[in-house]
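Sequence annotations record features per position, and here TrEMBL assigns domain 'G-protein coupled receptors family 1 profile' to 41-289. The transmembrane segment annotation in TrEMBL covers 26-50, 57-78, 98-120, 140-162, 197-221, 242-262, 274-292.
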Amino acid sequence: MEAGNHTRVSEFFLQGLSDDPELQPLLFGLFLFMYLVTMLGNLLIILAILSDSHLHIPMYFFLSNLSSVDICFISTTVPKMLVNIQTHSKDISYTGCLIQVYFFMIFAGMDGFLLTVMAYDRFVAICHPLRYTIIMNPWLCGLLVLMCWFIIFWVSLINVLLVRQLTFCPGTEIPHFFCEVVQILKVACSDTLINNIFLYVSTVILGVFPLSGIFFSYSLIVSSLMKMSSAAGKYKAFSTCGSHLSVVSLYYGTSLGLYFSLSVTHSSQSSIGSVMYTVVTPMLNPFIYSLRNKDVKGALARLHSRGTLCM
């Protein structure tokens, strides 16, 4: 009878970042600003790539996909948080929570997969420049992205279906500002052994494998650069990886930092730390690529010029 009551839970309560009423307007303004900047920055990257034929190459095809994923990634968590702050509410429906878990895992995982594919693209461009257009043909680029979506779709779906089997007590509060699977497992009223096992498997698939792929690609790139006799050639070849390395460092630096901090900090502190991973990283990505990449800066300038002429 008690388990039956648990299964009929219709909503959860999100703890949020702060209970201080005086901080709510500040938090609302800050996160609304970051959300709008993220949307605008990534949309400009996508428009610049689509409108400039010089950028219709694999590197920027993957970058446009990354910007699209970042838009969806931040849209999974921030809008609901803004609504809750504005309405002075903490609730999220049970179904809405599962949907948030599902899409958060999808877009977080896709970020990592796309960064790995982009590292492979840089490896081919630097280590096999004469065969680059043959290897990185449109068919292969499309296949790589579709494979990423296929893997992350099933991994996320299985995680959500396993969470669906858990029971929860009425009035359950999630110690976070969004529904994150680790925090949900902590507040479940039933056994979570199977969930935790598959979560570890998911971490290997979505985290360890992509990061290992990035390290492997760059180890081959560095090895190839060491064989070059020209210092200028080394610098020019490696400079093409600068933006990608910056984004990889930001993405994995914040996510790994959050992962390790979970074992030594309280949940409120981990919620604040996760802001870097879920909000700040998608916001900074377009700036990193536009500031460090001459092609993107040129495309944005041409896009701005066309927009000015149209006005």
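Every residue, even glycine, has its Cβ placed from backbone N, Cα and C.
Remember, it's a predicted structure, so these values are computed and weren't measured experimentally.
Contact counts against the transmembrane segment (98-120), taken as Cβ pairs under 8 Å, peak for 140-162 among the stretches 26-50, 57-78, 140-162, 197-221, 274-292. Away from its own ends, the transmembrane segment (57-78) comes close to residues 31, 34-35, 38-39, 42-43, 45-46, 49-50, 100, 103-104, 107-108, 110-111, 114-115, 117-118, 121-122, 125, 136, 141, 145, 177-178, 247, 278-279, 281-283, 285-286, 289, 295-296 of its chain (Cβ-Cβ under 8 Å, at least six residues beyond either end). Panel annotation: around the transmembrane segment (140-162), residues 58, 61-62, 65, 98, 101-103, 105-106, 109-110, 113-114, 117, 120, 181, 194-195, 198-199, 202, 205-206 of the same chain, lying at least six beyond its termini, place a Cβ under 8 Å from a Cβ of the stretch.
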